[in-house]
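*Asks:* Submitted below is the structure of interest, expressed as structure tokens.
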Amino acid sequence: MVTPSASPFRLLSCLVVLLLLPLLSFASDPDPLQDFCVADMSAPPLLNGFPCKPASEVTSGDFFFDGFMKEGNTANTFGVNLTAGNVLSFPGLNTLGISMNRVDFARGGINPPHSHPRATETGVVMKGKLLVGFVTTGNVFHSKVLTAGQMFVIPRGLVHFQKNVGEGKALAFTAFNSHMPGAVVLPLTLFASTPAIPNDVLTQAFQVEEDVVKSIKSKFAS
């Protein structure tokens, strides 16, 4: 038997549960309710994807992508080229929760420290020798040098990198459990944002003089 004093508390508890139930139903990505949803790239993106192209306009070509056939140009600051196979370049991936990248490395090239806010990453080294590393939220650094045929995994959202430590070029293919994993590239995010992060914020954060911050920013100026 419920005492009168306990009734308001129980009523409040029931109300809280009822309010939370709708939120719990959105705690994970929903499964698609159709075979596919090829993105209509002429329409603006909606929440978590693009509108579907009418099924009558879908062709076999929407389900195939040949963007990984050519080696990328690595003549840049980092000596790396990333060819993205996400929903923007491969509309057939829309709503399917997967994507891939081809990553070409020049000798000594680096895919600089970055994170993917919306996906866990796995990768396979196809050629060369890569140092792959990531840092946990507990500030623990995990790394290993991988050669062709070896695989790695980067937990979602953690800062990581890949560096070519071999004698020649290197190639890796990476995969994500998102059709648009996003990327926060730390050097560009911190030193080449628009508008720029104030110098005094960066000097205090990195405990360096302003001339150092200005020098780094100048290297990434467009």
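Even glycines carry a Cβ here, placed using N, Cα and C.
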*Asks:* Which of these links to Cys37 by a disulfide bond in TrEMBL: Cys14, Cys52?
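*Replies:* It is Cys52, per the disulfide annotation in TrEMBL.
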*Asks:* For the domain 'Cupin type-1' (66-214), jot down how many residues DSSP puts in helix, in strand and in coil.
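*Replies:* Per DSSP, the residues of the domain 'Cupin type-1' (66-214) fall into 22 helix, 59 strand, 68 coil.
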*Asks:* Residues near the oxalate site, Asn101, Asn111, His116, Glu121 excluded, by Cβ within 8 Å of the Cβ center?
*Replies:* Leu82, Val103, His114, Gly123, Ile154, His160, Thr174, Phe176, Pro181, Ala183
*Asks:* Setting His114, His116, Glu121, His160 aside, what same-chain residues sit with their Cβ within 8 Å of the center of the Cβ atoms that define the Mn(2+) site, listed in sequence order?
*Replies:* Ser115, Phe134, Ile154, Leu158, Val159, Pro181, Ala183
